[in-house]
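> Residues annotated as domain 'Cation/H+ exchanger transmembrane' in TrEMBL: 21-389. The annotation transmembrane segment is assigned in TrEMBL to 12-30, 42-59, 71-88, 100-124, 162-185, 205-227, 261-279, 291-310, 330-350, 371-390.
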Amino acid sequence: MTLEPDQAPVDSITLFVALLCSCIVIGHLLEKNRWFNESITALAIGFCTGIIILFTTEGKRSHILVFNEELFFIYLLPPIIFNAGFQVKKKQFFRNFMMIILFGAVGTLISFVIISVGTVQLFKKLNIGFLDIGDYLALGAIFSATDSVCTLQVLNQDETPLLYSIVFGEGVVNDATSIVLFNAIQKFDLSHITSSIFMEFIGSFLYFFITSTLLGVGVGLISAYIIKKLYIGRHSTDREVALMILMAYLSYMMAELFNLSSILTVFFCGIVMSHYTWHNVTEGSRVTTKHAFATLSFISEIFIFLYVGMDALDIEKWKVVSKSPGTSAGVSSILLALVLVERAASVFPLSFLSNLIKRSQSDKFTLKQQVIIWWAGLMRGSVSVALAYSQVN
């Protein structure tokens, strides 16, 4: 019997932790190699480990642990997104805030429409008759989610501040928008779409987006106020650091509790806490929190990439593909083509619109930069996988 992560035997967890350590060590040794980093190293190690497990189990499985979307959403994603907001250069981020919202929200909606309509029209040619309108819309939301974790590995914040700010900020808003869209789709009966249902859908989307942002800002401000007024750091640095970590996680879990976009909430909580809370703590706590958040984020990222490497050899998925290889190849080709088209349809027109509005020539996007933004947003990763698991289960 395959066990869930929280039920896994000690030997499996021990082996997985050992693999995480090896990813860090090998990634460090390959640090100066421009073609490798910790993420690629983790993918490769996960893939090789999957091959070994396949042979030792006689083709029965390729995993040490079984992926659970709750494991990803509740434990792995929060430190990654929070640290991204906590470490982001706020001046550059808010300077390009309107462009980030334009790419992240409007661009995602464009992608959602193109993928949903495209799959409805093209899947009919493959005689896939078991999908309803809700499934097609769910596909649109799932494949509109770019992989902000991968994006962080592609660009350097110091070398390309403008591109990093745009691509990274778009990735976070994009993931949040996709999850909000996906959750809204699950709430409504979309088998018979009317104007009133459509307006209610849009209203629900705006409500999730705005309230999620406000919740993150609110929790961040409350944490700053508590630490400033109580002077916790004078008596215990440990309590000060613990309170910051727990308040950050509280913002995420409160968003989950109220069915809001936890990604958006924890991201803006990270921005607010880095601007207000962090400056109210002692010097020792500043160093500790900065490295603590970065470390938790780093471990979570390596965990995800290591698992994805193993998941590429999942025997159950390959059995499904082997039953109808032609259909599977057709579906994959259609989705890949739609992702390429929707990304171009959102990036290049929105960049053109942005260039028309901006007066300064230095702030305008060159064709090379537009191509980089288009390419960086082609990756689909853990958020898409987790949403797909939620749809299937």
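Heads up, residue numbers simply count up from 1 along the chain you see.
A Cβ is built for glycine as well, from the same backbone N, Cα and C atoms used for every other residue.
Nobody curates TrEMBL annotations by hand; they come from automatic prediction.
Surface or core, plus neighbours and distances: that's what I need for these features.
Counting same-chain residues at least six beyond the ends of the transmembrane segment (12-30), those with a Cβ under 8 angstroms from any Cβ of the stretch are 3, 36-38, 41-42, 45-46, 49, 64-65, 299, 302-303, 305-306.
Residues 19, 22-23, 26-27, 302, 305-313, 315 of the same chain lie 6 or more positions beyond the ends of the transmembrane segment (42-59) yet place their CB under 8 Å from a CB of it.
Residues 81, 84-85, 88-89, 92-93, 95-97, 99-101, 103-105, 107-109, 112, 134, 137-138, 140-142, 144-148, 151-152, 154-156, 201, 204-205, 208-209, 212, 259, 261-264, 267, 369, 372-373, 376-377, 383, 387, 390-391 of the same chain sit 6 or more residues outside the transmembrane segment (162-185) yet have a Cβ under 8 Å from a Cβ within it.
Outside the transmembrane segment (261-279) by six or more residues, the chain places 73, 77-78, 81-88, 90, 93, 172-173, 175-177, 179-180, 183, 208-209, 212-213, 215-217, 219-221, 223-224, 227, 244, 247-248, 251-255, 286, 289-290, 293 with a CB less than 8 A from a CB of the stretch.
Packing against the transmembrane segment (330-350) from elsewhere in the chain are residues 102-103, 106-108, 110-111, 114-115, 118-119, 122-123, 126, 128, 139, 143-144, 370, 373-374, 377-378, 380: each is 6 or more residues past its ends and has a CB under 8 Å from a CB in it.
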> So what's near the transmembrane segment (205-227) in sequence-distant terms, Cβ-Cβ under 8 Å and 6+ beyond its ends?
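Distant Cβ neighbours of the transmembrane segment (205-227) are 105, 176-177, 180-181, 183-184, 233, 240, 243-244, 247-248, 250-251, 254-255, 258-262, 264-273, 276-277, 280-281.
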> Looking only at residues six or more beyond either end of the transmembrane segment (100-124), which have a C-beta under 8 A from one in the stretch?
93, 131, 133, 136-137, 139-141, 143-144, 165-166, 169-174, 176-178, 181, 209, 331, 334-335, 338-339, 341-343, 345-347, 350, 353-354, 373
